[in-house]
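Structure first, then comments.
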């Protein structure tokens, strides 16, 4: 698999490069960064003390012309710019970027008519297993339980709630026959009155170097159930991304997520 990485100097980008270099069936062929990045022209493996022969570049078209896959954990505007060029070069995309708008997601869907894309708020196998557990729990606990989603991330994360927390909310809402937009409560302050029955609450924590913690609380009378996933490193995201690339090898076009990759789709 000939793979290019976007956001090379970021925490996730470095983890992805290391994972690709240590994977037998993967080859690093490109490393992308923005035009003002001070590391442009440096070897992509320099942070590991390795010479890969792949130089960090801002020339998206040139990089994607040599890549079968682009793994992109950047920001929405960057991802959409990469997508426009990937459509022309036929480079399949694995997108872990969060915070995309409804219009941007619609753009992904449009391009996927011609290009195979995996788009998921979290590439971790464990997180996606958690989504399945939440679907089951929500159906079983649909009456008499209040649902709250608590998420914590590092102080540098720019979007809130996290894409993973929102996906958890969507999974639960769908299991209950609702739309998340109709039942979500993202903030509480002051005299809020009693909790609205059937709502799904969110609480957000930002601080330190927390990789990603998510807990869903089902609170009933006399008992509560908590389903949690805690990430200790970004390695699980990198390995999930490579698994997504392998899945896309057999796809010509279409928009997929990790439920498809893992065979969990109904």
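Here the Cβ of each residue, glycine as well, is placed from N, Cα and C on the backbone.
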Among 33, 148, 151, the candidate listed by Swiss-Prot alongside 7, 8, 9, 10, 11, 12, 96, 97, 98, 120, 121, 122, 123 for NAD(+) is 33
Using C-alpha atoms, which one of the recorded positions 153, 154, 157, 163, 164 comes nearest to residue 97 (NAD(+) binding site)?
163
Which of 9, 120, the listed binding-site residues, has fewest other Cβ atoms within 10 Å
9
Can you name the recorded positions among 157, 163, 164 whose CA is within 10 A of the CA of residue 120 (NAD(+) binding site)?
163, 164
Which of the recorded positions 153, 154, 157, 163, 164 has its Cα nearest to the Cα of residue 33 (NAD(+) binding site)?
157
